[in-house]
């Protein structure tokens, strides 16, 4: 039995009629950029995130970069980032001219450890950039308190956690700005790249609107040096359709995660993901830690089960960041995770039969 890591076609087929209708509506309108679909989605997504303002952008990386720019983070500043994350978190910091300062994760959710964050603050620190990794919220209350105590901006990377909750509130509602990705494989995925920033600050939202459109509010009048980071109308229309199903899809992910937890709890050589009692994960990924990860991945692959590694190389050891001079051993927790983590298939369209095949195959190979 073949089990893909994520079945994007199944997501489309479930909503085919509504998605096709939304696309035809845009195509028939003749308005393909920053029109009524974007305006409607911004209002709907802001409300979903329990926030006041939403600004759509071209990608999750755009969302991070423009959030930092709008907050005044730039050349000579430092931004605290996780040592264990996707490189986009670091790239956004670099793109605005600041320096990423990595901090190791805590042991339950592998998100930023607040105690280590406080130790990493220097006079040059301008912002803290936590990632809600694998769908699990970072400890926003602790990080917000640290940011307030030191006069720092707090920008959430919510690329993997749309719909997750932190102490009952949606992630994205407890910071200066929160950046979302609508990459197709995300819990709320477009038909291509897309992103958004949510914030309670109207001035910050307007600044990001300016930056995303060449620094212009009025055609050919450019107030600042902006960029092109616009979301097209087709993507906004599709996201509006999918947003109505997001909570149901996340609930299906949670059910599958619970099934994995129950069936795999006694398997030797693996450690199951944990959650804090104050967190409701969006279960974007179901990530094991494995004593013999590469062997187990090969065994699953041979049985038709597609797995992925999030992430095989710590960012500080990537050639892109060789200039930081952080040799192997600099961040042992991130380096250990890179050698142990394995992501199993999980998604709203994974059948129980497919999940049971994953479970049986994993047990046989452990």
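Note: Cβ is positioned from N, Cα and C throughout, glycine not excepted.
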Exercise. Which stretch, out of 160-179, 180-199, 200-219, is listed as DNA-binding region by Swiss-Prot?
Worked result: 160-179
For this session: State the non-local partners of the DNA-binding region (160-179) in its own chain: residues 6+ outside its ends, Cβ under 8 Å from one of its Cβ atoms.
Result: 48-51, 60, 63-64, 67, 70-71, 92, 131-141, 144, 153-154, 186-188, 195-201, 204, 208, 246-247, 250, 278-282, 284-285
Exercise. Can you count the other CB atoms that lie within 10 A of the CB of residue 186 (N6-(pyridoxal phosphate)lysine)?
Worked result: 22
